[in-house]
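*Asks:* As annotated by TrEMBL, region 'Disordered' applies to 1-30. If you look up TrEMBL, you'll see 66, 67, 112, 225 marked as FAD binding site. Summarising the annotation, TrEMBL assigns domain 'Glucose-methanol-choline oxidoreductase N-terminal' to 269-283.
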């Protein structure tokens, strides 16, 4: 296993097996009986969990638990040229965990410190003012927070030829004005930020941990939280700690301090957070009873309202190789549709073999299998039996169209009580007629 405690900037990152009670200091509060607790336990070291833990550590003791490893020495995560390889890696130690929704759509969820910023296409933009208002965020505080992130991990991309061509095409068909390079969310065509630097190296949310107070923060990797523990003696259950297992399968218990306001914060993503709530006894009564999970709190909404942005792609072949680029140019339409672009293949032609994940041209071959038959077994059988694609299939670019705010909703439900396994995930793509209409309008653009 690679060194999970990078020297220098991140002395507080340790493997989960090194867990011990927090040190005796002013920042750490002792429980009765000598067991010391944390002011905050953050479950999930992803896009939200890393900056949240770093911020809280300025004034409070924080334990951040991440089920995956670190991204720093992982070449599949760190370099843009390996983007597709990370998504194609379906091993248990991969930074991405593949899943197939009940709709039959292949997808990936992050399993690494840094979360989605470690496996996505690296595009960065600020939220729209209307979105900030709709979710009830503090606009002034948001605008103060953006530069903190941007100065640490965001860069201006060097525009590739394909990206320039798509930019010009978007303007030609009327997705205007051209807003140039900007982080702001504006209608029209723009070039956004990227978390890849000029050398093609990815900078994930994990790097935001360098802003933490190292005396107040503990980060454990390969720490898989199995359940949240609750005190049920009051009128409402109160989270008091978590149970997690380390990379060797050993179980540990971390508890909160008695400080007023101490919390367990779930930041395990749209799938991981409701999954953990269900396994901890919070959710629909029937779902919990089905798996003999003692009910802590009945909540019919846990696992519901799941949505995913439907993505449609057009592959444009070229008569020769073109430079690799991920998302740089974007068209933001008033129809509620985003139009983006990617191109090229970062590896040498010798690496064009087997499958190349959900981001490659060959995913269309898998789509010919009926949705209900797109099981993991079928996927692996396909990988063994399929023929390699010709090199020409990797010469060209993609134009991507996705719905900004889909109205089609699905749900998460349990298949077993093993936190390592994906739950059953349904998105019900295009079940709402408005999504279908937006898709048609977006492709017409």
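Backbone N, Cα and C atoms are what each Cβ position is placed from, and that goes for glycine too.
Note that the structure is a prediction, hence the values are computed from the model and not measured.
Map these features onto the structure and tell me what's around them.
*Replies:* Sequence-distant neighbours of residue 66 (FAD binding site) (same chain, 6+ apart, CB under 8 A from its CB) are 44, 45, 46, 49, 112, 113, 219, 220, 221, 222, 223. In the three-state DSSP assignment, the secondary structure recorded for residue 66 (FAD binding site) is strand.
Using a Cβ-Cβ cut-off under 8 Å and counting only residues 6 or more beyond its ends in the same chain, the domain 'Glucose-methanol-choline oxidoreductase N-terminal' (269-283) has close neighbours at 43-44, 46, 99, 109-110, 115-116, 225-228, 230, 293-300, 302-303, 306, 412, 414, 417, 419, 422-423, 425.
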*Asks:* Taking 66, 67, 112, 225 as the record's FAD-binding set, what's the max Cα pairwise distance in Å, rounded to a whole number?
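*Replies:* Among the residues the record ties to FAD, max Cα distance equals 14 Å.
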*Asks:* List nothing but the one residue from 112, 225 whose Cβ has the fewest other Cβ atoms within 10 Å; the candidates are the binding-site residues.
*Replies:* 225
*Asks:* For residue 67 (FAD binding site), what residues in its own chain, 6 or more apart in sequence, show a Cβ-Cβ distance under 8 Å?
*Replies:* 44, 111, 222, 223, 224, 225
*Asks:* Just to confirm my parser: what is the rounded mean pLDDT across the domain 'Glucose-methanol-choline oxidoreductase N-terminal' (269-283)?
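*Replies:* PLDDT averaged over the stretch: 98.
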*Asks:* With a radius of 8 angstroms around the mean position of the C-beta atoms of 66, 67, 112, 225, what other residues of the same chain does the FAD site pick up?
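*Replies:* Near the FAD site, beyond 66, 67, 112, 225, sit 44, 45, 65, 68, 111, 113, 221, 222, 223, 224, 268.
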